[in-house]
Amino acid sequence: MSSQTFLAALTGSFSTPCADNPTVAMIEAAYRHHDMNARYINCDVKADGLADAVRGAVAMGWAGFNCSIPHKVAVLAHLDTLADSAAIIGAVNCVVIRDGRLTGENTDGKGFLESLSSVTDPKGKSFCLLGAGGAARAIAVELALAGARHLTIVNRDPARGQDIATLINDRTAAEATFLPWTERFAIPQDIDVLINATSVGLGDAEAMPDIDPDSLRDGMVVADVIPNPPRTALLRAAHDRGCTTLDGLGMLVNQGVISIRLWFGQDVDAAVMARQLQDIFGVAKA
């Protein structure tokens, strides 16, 4: 009798809208490259359909799923347990299903941390985060848990910025302060790593966060969470001033790598996934 199987392991994403989410192409490229008998399905799930979608994934034996807007917080009510960082962040974007039990993870900050580790160790460093949305919150928590010394949160909405600073001070060993973003911001000279965690630059290669580019200095690491275009105006300005730069495409790829590792216990080739995204975004390959 043939050992061939026609039952693929199922994974996917729950979000709405979802038609412009390239994660499916990136992850399926990894599945193909590694001859994994797995599929990734991009599902348009409205807020009132989340409970049914989660029950369906369990009933069909899915290995797990990603969830994005508007489900990152709402999905918590449907989970059995949370990973440590996800519990602190208060949001989940990756769910692992094992023996009918659902564990919530957050790969936003973990994906960034993997990119950052290629150029510097966060332990003992001072960070400046521009923005206070979901990505900034996740990155701040992961940096704090990885041993960051101090985080400066810069945001236009004081309540959201102070909320992240308070979270870091109350729930981790790191220290954090909030600075209001009311005018062009000069990066403090004791900052080791600057991170743009705003949406400024998404789809616009000329858009630049309102910072003083001359406050960027030689030796500073400058990172941008924007995946497309990978080479944002901020990163170009940083490169011109001698900074080490990290783009958001690598962070997005690492999130996919981590998701597959969580679902299947297998490490996949990040370069394969990056090439797929570069083809989709129409950017030159590194």
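From the backbone N, Cα and C atoms, a Cβ is placed for every residue, glycine too.
Taken from TrEMBL as is:
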{"type": "DOMAIN", "residues": "24-95", "note": "domain 'Shikimate dehydrogenase substrate binding N-terminal'"}
{"type": "BINDING", "residues": "Ser68, Asn93, Asp108, Gln255", "note": "shikimate binding site"}
{"type": "ACT_SITE", "residues": "Lys72", "note": "active site, proton acceptor"}
{"type": "BINDING", "residues": "Asp84, Gly131, Ala132, Gly133, Gly134, Ala135, Val225, Gly248", "note": "NADP(+) binding site"}
{"type": "DOMAIN", "residues": "121-199", "note": "domain 'Quinate/shikimate 5-dehydrogenase/glutamyl-tRNA reductase'"}
{"type": "DOMAIN", "residues": "248-278", "note": "domain 'SDH C-terminal'"}
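Mapped onto this structure are the features recorded in TrEMBL.
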| residue | record | DSSP class |
| --- | --- | --- |
| Ser68 | shikimate binding site | coil |
| Asp84 | NADP(+) binding site | helix |
| Asn93 | shikimate binding site | coil |
| Asp108 | shikimate binding site | helix |
| Gly131 | NADP(+) binding site | coil |
| Val225 | NADP(+) binding site | coil |
| Gly248 | NADP(+) binding site | helix |
| Gln255 | shikimate binding site | helix |
Counted with DSSP (H/G/I as helix, E/B as strand, rest coil), the domain 'Quinate/shikimate 5-dehydrogenase/glutamyl-tRNA reductase' (121-199) has 26 helix, 22 strand, 31 coil
Ala132 (NADP(+) binding site) and Asp108 (shikimate binding site), compared by Cα position, are separated in whole Å by 14
Apart from the site residues Ser68, Asn93, Asp108, Gln255, the 8 Å Cβ neighbourhood of the shikimate centroid comprises Asn66, Lys72, Cys94, Asn106, Thr107, Gly111, Ala138
Listed in sequence order, the residues of the same chain lying six or more positions from Asp84 (NADP(+) binding site) whose CB sits under 8 Å from its CB are Leu145
Asn93 (shikimate binding site) to Gly131 (NADP(+) binding site), Cα to Cα, whole Å, comes out at 19
Sequence-distant contacts of the domain 'SDH C-terminal' (248-278), meaning Cβ under 8 Å and at least 6 residues beyond its ends, amount to 9, 11, 22-23, 25-27, 29-30, 33-34, 36, 38, 63-64, 66, 93-94, 96, 105, 107-108, 110-112, 114-115, 118, 223-228, 230, 232, 284-286
When the binding-site residues Gly131, Gly133, Gly134, Gly248 are compared by other Cβ atoms within 10 Å, fewest goes to Gly133
Spacing of the two Cα atoms, Gly131 (NADP(+) binding site) and Asp108 (shikimate binding site), in whole angstrom, works out to 14
Smallest number of other CB atoms within 10 Å: among the binding-site residues Ala132, Val225, that is Ala132
Cβ-Cβ distance under 8 Å, sequence separation of 6 or more, same chain as Ala135 (NADP(+) binding site); the residues meeting this, in order, are Asp108, Ala197, Val225
Within the same chain, the residues at least 6 apart in sequence whose Cβ is under 8 angstroms from that of Ser68 (shikimate binding site) are Ser13, Phe14, Ser15, Cys18, Asn21, Asn93
